[in-house]
């Protein structure tokens, strides 16, 4: 039979007369402790015989052959009481609701058999390790974190120590970094896009509008023109890089130009004065002229179409042409 741990609160082994004695007589002393211990040893030895008796009785009554521990404890308690030894239980186990006769464990304001104080989730005994309490139940450390600790938005594992809250989610501090480059955020903080955090550099590079001139992100002052945005210093003539002091510009193929270079690109520069031709125009020999600048290169008289001669990219009236070249 298994060894039983118990601790008697008090013992009394004495003999008393069954009827009044007529004459005083000397009372014998109580049996020495060695006698009580010997009786208890004999009782424990007889416990093995009790097991075989209960097994035989169980076979006749279709009962389990092996006696239960509760019956054995009950029989032992009764036999101890007959010997005058009282064994009071140390408490009621909160798990099995049975008296605790041996070692007792106190936790969560209750008493337990040491083997019955276990994790509410995995059943692991908690007597020799730390535990966590939730809703009046005990949990081992691993199961508590798995069941109740907040989860990291990056790795989805429980956060056991420091927790960082951002973007309406919880994170391990070491897992809250730029979603693009992986850099941990410094004093600049972070920027959010579609629920993800980004450092300032990557956020601007990926999501900020780009300048049509230099293609770098536009973050502060900007100009809006030609269906895009520009840094003020980048909105200049695409040819001479001069700014538009008058506030007006000319557009060609999505780029801004000053008036001179716009007409130059368009081929509408007066061959006589080199200035743009914006009004009336005379076209001769594949070149354009202001009407007042379409003149003889020698006498400077105004030419008429069909009455001039071209000599070395210069125009001459018929009279000067005969005088000079005939």
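Even glycines carry a Cβ here, placed using N, Cα and C.
Note that this is a predicted model, so its numbers are computed, not measured.
Lifted from TrEMBL, the feature list:
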REGION    1-32  region 'Disordered'
COMPBIAS  8-18  compositional bias 'Low complexity'
COMPBIAS  19-32  compositional bias 'Pro residues'
DOMAIN    91-150  domain 'LIM zinc-binding'
DOMAIN    151-208  domain 'LIM zinc-binding'
DOMAIN    209-268  domain 'LIM zinc-binding'
DOMAIN    269-326  domain 'LIM zinc-binding'
Averaged pLDDT, computed only over the residues in the domain 'LIM zinc-binding' (91-150): 87
DSSP-derived helix, strand and coil totals, residue by residue, for the domain 'LIM zinc-binding' (151-208): 11 helix, 16 strand, 31 coil
DSSP-assigned states of the domain 'LIM zinc-binding' (91-150) in counts, ordered helix, strand, coil: 11 helix, 16 strand, 33 coil
